[in-house]
Each structure stands twice: as C-alpha cells, then as structure tokens.
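I have placed the structure first, in the form of structure tokens, so that the comments after it can refer back to it.
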Amino acid sequence: MSELESEYRLEYFETEGFHRKQCPVTDVYFWTRDPDRETCGEPPADDYSFIDNPGFDDQYSLSGMREEFLSFFESRDHDRIEPYPVAANRWRDDVLLTQASIYDFQPLVTSGQTPPPANPLCISQPCIRMQDIDNVGKTGRHTMAFEMMAHHAFNTREDASDEYAYTGEVYWKDETVRLCDAFFEHMGADLTEITYIEDPWVGGGNAGPAFEVLYRGAELATLVFMSMEQDESGEYEMKDGNRYSPMDTYVVDTGYGLERWAWVSQGTPTVYEAVYPDTIEFLKNDADVTHTTDEKELIQQAAMLSGYLDIDEIDNLASARADVADELDVDPSVLTDLLEPLESIYAIADHYRTLAYMFGDEIVPSNVGTGYLTRMVLRRTQRLIDDIGIDAPLDELVDMQAERLGYENRDTIRDIVRTEDRKYRETLSRGRRRVETLADEYADRNESIPVDELIELYDSHGIQPDMVTEIASDRGATVEIPDDFYSLVADRHTDDDTTETIEKRRDRLADLPETDRLYYDDQTGTEFEAVVLDIFEQDTGYDIVLDQTMFYPEGGGQPADHGTLTTEEETIEITDVKAQDGVILHQATENPGKGDFIRGQLDVERRRRLMQHHTATHIIGHAARKVLGDHVRQAGAQKGTDSARFDLTHYERINRIEAKTIESVANDIIRQNISVRQDWPDRHEAENEHGFDLYQGGIPPGQNIRTITIGDDIQACGGTHVTRTGDIGTIKILTTEPVQDGVERIVFAAGDAAIDAVQTTEDALYDAADVLDVTPEHVPETADRFFTEWKERGKTIDKLKSELAEARAQGVTADAVSIDGIDAVIKTVNGDADELRKTANAIVDEDAVAVLGSDVDGSAQFVVGVPEDIGINAGDVVGQLARKVGGGGGGPPDFAQGGGPDAASLEVALDDATSVLRSMHET
C-alpha cells in the first residue's frame, strides 16, 4: 500500500486543505478536511450517525435521487446514457450478471478496442450482486439488487493514443474527487464529515488506486482509477500479491450507490425502509409482525450499530450480534427474536426487486447460468415466505415490483413465477427422500456430504445444493458447497479437444496477417484463388494458411466448409477449417507447398445446405419468440447438413400445437421471400437501436459488427446465409425436447434436408401400414386398437398367472416339509420370474415358507418368501442358494430373489435348501 502513497497525494487535497491520517481502529489511511478527526468514518471505527439525522438538505426517493445525480453530471458536460440489462451475458461471454456500471464497457471499451458511447458519460446502472445474498436483511445496508450511479471517463496516454479507439485525457484523479466533493456539497452535506479512505483496487488482471468515500458512517461512493495491468516485473506490488505496471489506457470508474444515498437522505433505521417503504409495511402486516414503542426504539438503536455486521468479514454472526446486544445492554436472545423476523421481511422485499429485474430482462429460470441464479433467488424467497408465514401469492408480490420498475412483460413474469413455484414444490417432494437417505448415511459417519454426491444430486435429480443443505441440516448432516461447484458440473459435460499444439503456434500465427474472408463479400461464391502463406505440420496432416479464402471456419454453431485446394500438380482435400487469432487454418492430409498459388473449390452442396440451415435457425428463433413470448433467448444452436437444432430458454415444455404454429410462422417468412441483408454498423449505434437481443448467437469483437437482418429480426452473426428467405425452400420441425429444466430444443430440417426428413417419416409410416395391413391414413386408429387389445390381454395373462399361482400353492403346500414346526415348500416351478414371485406370495399367504426355483432361458432363478415372525432371512437364503449356481442375489428379510448361470445345479441347490433353512432358524 505504501508503494501507492504518491498516487493519493492529489493537488486537489492540498488546495482544499485536506489532512492525511491513519485510523487507530482500522489502520487504514484516509483524507479529511477536519484537522481534529482521528477515525476514518467506517464502522467499527464510527457508527451510523445519519439514522434519524438525515445527511442532506432534502429527503429523496429512488427516482428523485437518480435524477438529481444524472442532472448534476449532465450540467457538467457528461452525456447521460441509458442503462444496460442486468443480464451481462447479453453482451459479454465472461460474466453472467451486471455487478457494476463498468461491466457495461468491459472488455472492449476499457481495453481501447472500441470507443465508449460517450466520453465522459454518466449512468444509473441496475446491478445484481449474488455474493451479497447472505448479508441482505442482516446488515441494514446490503441489497442484492441496486443501482450504481456513476460517471466514467476513458483516457489514453499521449504517446499511445494512435493505437486506441479514443485519444488523450478527459479527466483523472483530481477532477474525479473534485466532482465527488461538488456533488456532496450540492446535496447539502457537511464536507468536514466526509472522509476519503485509501483502498487500492484489484480485479480481472487490472489494478489502480481507489478511494472509498464515507459520510456519517455510510460508504456512499467508490472512486476507482483503473490504470495498471498485471506484470511480473511491474513497479507496484498490490494487495493480491501480484506486481503491476502502468497501462496505456486509464479509466475513471466511479460508483455511487443510489439506495444508500436515498437512505442517508431519509435517515431511516435501515436501507430497506428507504427503498421499499410500502413493501415493508405490507409484509409486516401480512406476517403479523408488530412492535411496541420500546421495541421500535431498540430496533433503531441496533440499526445504528449494524455496520458491525458483514457476513464476509466476521467469523460468527451470533457473536457479532452478541456484541451489538452487549453495547445496547440487552440479552442477545431478546435482540435475535426481535430482529430475525424483520431481517426475513427485509430480505424478501429485496429478493422481490431482484427477481423483478431478472424476469423483467427476460431471464428464464433453469439449472445453468443466469437461469440458475434466478431460480436460486426465487427458491430462497419461497423458503423465507414459508418460514415467516406470508400469505400473499409470490407472483403478485414480484409483479408489484415489476410494475414499479416499468416492465411491460408482467403477464409472462407472473406465469413464470407460478410455474416455478409448482416446480419447487414438486422437486422438494421428489428429492427429499434421496437427500434424507444420504444425509443419514453421512451423519452417522460424522462426515459432510461430499462434493461428488452434490454433483450427482444436481446432475441426475436437479436438486440444487442449497436445497440439499436445507434438508440435510434437519438430519444432522453438514454440506460444504465449493465456490467452483458449477464449474465442476460443467467439467462433467465438457469434452475439451483443444490441443497444446495450437497454443504453441500462437507466436508464429501472430506474425501472419489476418486471412481475408471472401465469403463475406460474396456468400454465394464457391471458387477462389489464393497464395499459401504458411503450413503447420500436424500428427494427422497439415494446417494450411492462405492469404484469402472462401472456406468458412467452424464457429457460431456452423460446421466448417469442405472442398479442395488445387495446385499445378495435385488436388488436396480440405476436411476441416478452423480460425485462430484471425488466421484461418485449412486442414488437409497433403502439403501443397509454401508460397504456391492455389485454386480453391468448395463442396457446393454442403455449403448450400449449411447456409439454408443457418438462415433457418434465425427464422426459427424469430418464430419461437412470436409464438412463445419475448422472454425466449437462444441458449445454443448447431447447424448441420441433414438437420439443425435451436435451443431456447422457456419455462414450460413446447407442446405440439406450439411447435406447429412456430413451423407455420417460419414457413410464412420463407414464402414472403424476404431479403437477407448483411450490414456492418457501429457497435454502439446497433446496440442503441436494437438492444442486446442482437447477441442471440454470441458477442463478436470489434467496433463494427456484422448483422443479419431478416424482416424485423436482426442479429449479430458471422455465419453464411442465403440471399433471400425463399432460397431455403421449406422448414420442417422434426422434434421438440427438453435439454434441461428451462431450456427447450427444436430440431428441424430445411430445404432438401426437410424433404429427405419428410420422406423418411413417410417410409416409416408406409412400413407400419404394411405390417398392420391397412392404408397409411388408418395406421393411428389401428395402432391404438392393437395397443388397447394388447393391454387387455396383458391384464388377462396377469390374472391367469395369479390364479395359477394360487392353484399351485394349494397343491404344493400338501407337500410342505416341516422344519422345527415351520412349514416350508421347496419346489421347482416351470414358469418365468413373474410366475415364481406370484406363486411364492400365494404360498406365504398360506403361512408357509416358499423356496422356489426355475430354469429360465438356461439360467437358474430362485425366489424365497417368508411369513412374518418366522426368524428366517429370505435375502440370506437366496444368497446361499444362488452361490451354488454360480451367481448371487438378495433382498429384504421377507422376500428375495436371485440366481446364476449354472442351471444344471438347480436341483442340487434346492436339495440343500432344507439344511439352509434349518441352520438359519436355529441361529
């Protein structure tokens, strides 16, 4: 930290008469205007002093505070921009949820690859931080959903400006702190009470100096100066133990928590009363949570000390709460009983808002990604509601928040919540027995349920780990969920074919120019000429680099083109095409020779079918959104020559009527013969005009992105497409199926592949008609009739088997042997395993032990049945008999079965059954 001391000595601090001090409680360094101040202003050094003592001239609602902030910075030459969705994976592939305003501009803008939408700019960005979920309700200040008000400036060092998408310095540390001070002053704050705590920032391979801005005990702003990158020989060592060096771009990254500013302006006991006043009162009334005047006073006093509580920073919540109780001179159990119902209500209110943001941005619950996080919040909310006894339907409560946030898809939101509530109840009922069995097993061993079991429960049964924790705790078992749990699950399903060879070639590839992609200039072209720039020898052949190519490399769910490269001497087959760092690698078994001139020829039929299926995928996605709703998002896609699949987010199974409607809408688009247009707009202009639905198939790099427009559907896409929708011919949906909970799959075929698929189905229909000796149109009713008759015959057979078993039992009990006064029937029965079981049950009903054997398809089979209170274990008997025929078996004490391959020893084994029974009864 001392290495950065010079970074914090600002000219602004010197001009304004600030003093640098070290807090005796927290040991941090901070800056203050007050020469007599000793502590840094952050709990536990200082308590909340704004509660019942608002910190600003006026009290503000969320909307009022948001407008005050944005207007202030607009008047100081900042452009106001619209907030991004809370689902950051709409424009980024490295994170799921938006956790800060800077997420909107990472990595492309912060790295200088693309310019920002404005510079400088201000924004109020909705965010969700899942890591705060355990703190919500308990600390009085944490909210999982929040808005980060911010102003940003993007700068480059003068000597490197030509290399980046923005140039020069807009403003840096002094101006950032001056603007922060000015906003506090604008709000009527006492500037002498503000402290700027030195707190270096590190994250994602970058770092820089930063200030936490405290006012009356509350952290109201963070000012980060992102200016360094990780470097082994760097000048600065940061708090993560790594060294860093200055980088060419440097970014002002500020964050002013909207909710906390509104809280300090109102002086309420917790942030929740400031953010959710109506919701809190509604929930308290519904749950019948009331307080006396003295209890309200105690709650307010505890709130002023709640800054001590932070689940991430304290070892034990109970001990921290005991410290608060001791400070208030009250019994800890009294304080806990008073606060816990309120904490649940606070958490429920916060979770409603979080869910409204998630559903409003059309995240669909599932078992992966943002869908899993949404489901986790929803189910945690459901459990809190059940525990505290709130009667109001969950869908209505979420809808109230969605209405306040201005979302228009409220009918879909309510439908999703109702569906999820039903699934939650079913999952709890279905999975509880399996978890209870595991919990008992590991509780007896005094061990935690291991990670492998958690993964299996999740993978095979869909039981979330937090649900396992809840059920297991009731059985005295513990669960430790690893931070990388979902990575471990993903590893089970990831077949990583990437070889080290490509990594080793990276330096060599870096010296090659990017391959000119001719297929973007002419998507119908199938022949071209090129020069061989380099050749990489592989174990299975060669990777050929050309200066330009018509071959499309595998990517975006579209397989690579195939074809040939022809030199003056030979023709070489191209069997695969890959892209790495802008260079396209053509895989072949022959070496054409570096520097050779070649002619390329695509497999025309393969390219045509792939183009048809790629354009058809866009059309299917558009049709699905029209039919199922705007919440539908692409969750994956794969195009082929014979068929394609489109995975989409949806909270219910796609039924046959919906599938037919999607197919009809898609084919109507084909019949309209709409132009399929390719454009290269500026990224920010495209995002502003079309939103982040652009990125259904992934997030492309670069300032200009390639878009494909089909009617009113537009998507960023790098694949090859037909010229007009009519070129597809037709689309036929083959199947719909669930991929996982919350993700549905549509498998379809387009063009000639669709005709092939229909003909294959027709062949199957005609074959079935021939077997049934009817015409094709009568196959369904005939099959239904045959199936009904087959079921009836099965019932008749079962009935006859039961009657036969009863008759056999009556006949054989006369031949029963007596073993110490117990009747036992030991006999060979001609019949299958089902007949053995039925006969054994009938004998047991006659109060006799049944030991039956049969030769079933060349193998010996045994069934043993034992009446109650006989003292013989059927499983042990079967085990001994089965070993005599080279096999095994077992079961519960009253009924067991088994067998082995040595049918010739069946009678010998049955001859020994009497002695086996006698020895067991004697013991």
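Including glycine, each Cβ sits where the backbone N, Cα and C put it.
Copied over from Swiss-Prot, here are the features:
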type     : residues                       : note
BINDING  : His614, His618, Cys717, His721 : Zn(2+) binding site
COMPBIAS : 885-901                        : compositional bias 'Gly residues'
REGION   : 884-903                        : region 'Disordered'
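Shown on the structure are the features that Swiss-Prot records.
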| residue | record | CB count, 10 Å |
| --- | --- | --- |
| His614 | Zn(2+) binding site | 26 |
| His618 | Zn(2+) binding site | 27 |
| Cys717 | Zn(2+) binding site | 25 |
| His721 | Zn(2+) binding site | 24 |
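Within 8 Å of the Cβ centroid of the Zn(2+) site, not counting the listed residues His614, His618, Cys717, His721, the chain contributes Thr615, Thr617, Val676, Ile708, Gln715, Gly719, Thr720. DSSP assigns His721 (Zn(2+) binding site) to coil in the three-state reduction, outside any helix or strand.
Taken through DSSP, the region 'Disordered' (884-903) splits into 1 helix, 9 strand, 10 coil.
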